[in-house]
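Heads up: the structure comes next, in structure tokens.
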Ligand code: ADP
């Protein structure tokens, strides 16, 4: 059997999976694991293989040490690169800028071109590049592929992609909407079309990726026509720790009057805002527990989250025109029935009606949660970005042979 090694390299962690690209979306991967707290004294490797969890704790100096430790552990378990037929290493890369709209087989020039996009994604692309460089060194005989989070949205209509900002400045600095979570929106929208038993091109839909990061996409006939994240993943919906859309004037105000540097404001808006900034927690399970204890901050944070989500839903229903399906995915979207129910409450006049019993079922694979008489189908579809990356990587490598 052929496998793909999928790597999602962050600034202090490397998540990895070994995936059979032909697997069913709901199947667990052969191997999944994560190296965490890279560069910290309490580094940790966790590997899941054959239903068992293997962990080790020790300082992990950098990404090279992290991936090296992981591969050594996989070899010891008998599921390492030399034990399996690995046909591709697929890397999640956050920002492809204007250069990459499709997955790309990685060579030195491609790495340089991904590096050129760092100004657009200073928080993400450097860590993605670290992962690529280390993995190419450790697994030199396997083709590596970059799959871009922005790729699915590369051809947004200009009216949705271009900001009303001075066009010379925007042009000089590649300022525009790129959109993110593209692999996830593409994956679940294809599944939604399959659940409707229709080709992608025949379906108009809205996909809501609600994880710690969150984004919405409007997709008409298989083509994205709008999405909520922008030049960076900071825009759009309220998220776990990010503001989502705010008046950009807030930034000038904080810079001029709160004595904050640009880097501090960047940290504030990306890491200390959103639900966490409002309620002190960013996990929706904790938020729900606080709401049940009548914590007012938690209740307000939740309402702000839902308010913003409904604003996007409403505008995307107009953008798409006739809507066939609305799909929830990612940690919150797949698991939090309150969010789903409140996001779509009182929309019967727009053809949306959730069935409360279906909505209350546990997260167990793709499912419909709309009532039989809902004109618009509402689905919960677990996302599987690693499988999507594996499939894209293996397909591209096969094309290149
Ligand atoms: P990311 O990939 O952006 O880190 P995920 O898609 O894994 O995020 O989503 C993580 C979030 O999902 C958690 O922060 C938590 O808010 C939410 N979540 C996970 N499980 C549940 C659950 N059972 N009920 C409600 N929310 C959940």
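Note: Cβ is positioned from N, Cα and C throughout, glycine not excepted.
Over in TrEMBL, the protein carries these features:
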- 15, 209, 210, 211, 212, 213, 283, 284, 285, 331, 332, 333, 334, 335: ATP binding site (BINDING)
- 92: substrate binding site (BINDING)
- 149: active site, proton donor/acceptor (ACT_SITE)
- 181: site 'Transition state stabilizer' (SITE)
- 242: site 'Transition state stabilizer' (SITE)
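Structure coloured by features recorded in TrEMBL.
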{"residue": "15", "record": "ATP binding site", "DSSP (3 states)": "strand"}
{"residue": "92", "record": "substrate binding site", "DSSP (3 states)": "strand"}
{"residue": "149", "record": "active site, proton donor/acceptor", "DSSP (3 states)": "coil"}
{"residue": "181", "record": "site 'Transition state stabilizer'", "DSSP (3 states)": "coil"}
{"residue": "210", "record": "ATP binding site", "DSSP (3 states)": "strand"}
{"residue": "242", "record": "site 'Transition state stabilizer'", "DSSP (3 states)": "coil"}
{"residue": "283", "record": "ATP binding site", "DSSP (3 states)": "coil"}
{"residue": "332", "record": "ATP binding site", "DSSP (3 states)": "helix"}
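Site extent for ATP: among the recorded binding residues 15, 209, 210, 211, 212, 213, 283, 284, 285, 331, 332, 333, 334, 335, the largest C-alpha separation is 23 Å. All protein chains shown were included, and the count of other CB atoms within 10 Å of the CB of residue 332 (ATP binding site) stands at 25. Comparing the recorded positions 242, 285 on other C-beta atoms within 10 angstroms of each C-beta gives the minimum for 285. By neighbour count, meaning other C-beta atoms within 10 Å, the densest spot among the recorded positions 15, 92, 181 is 181. For residue 242 (site 'Transition state stabilizer'), the nearest neighbour among the binding-site residues 15, 212, 283, 285, 334, judged by Cα separation, is 212. With the fewest other Cβ atoms inside 10 Å of its Cβ, the least crowded of the recorded positions 149, 334 in this structure is 334. Looking at residue 181 (site 'Transition state stabilizer') and residue 15 (ATP binding site), their Cα atoms lie 16 Å from each other. Listed recorded positions: 149, 181, 210, 283. Those with a CB atom under 6 Å from ligand 1: 283. In sequence order, 239, 240, 241, 282, 331 are the residues of the chain that are 6 or more apart from residue 212 (ATP binding site) and have a CB within less than 8 Å of its CB. Each residue contributes its Cα atom, and for residue 92 (substrate binding site) and residue 15 (ATP binding site) those atoms are 10 Å apart. A Cα-Cα distance of 27 Å separates residue 285 (ATP binding site) from the residue listed as 'active site, proton donor/acceptor'.
Among the binding-site residues 210, 283, the residue whose Cβ has the fewest other Cβ atoms within 10 Å is 283. Residue 332 (ATP binding site) sits 19 Å from residue 149 (active site, proton donor/acceptor), taking the Cα positions as reference.
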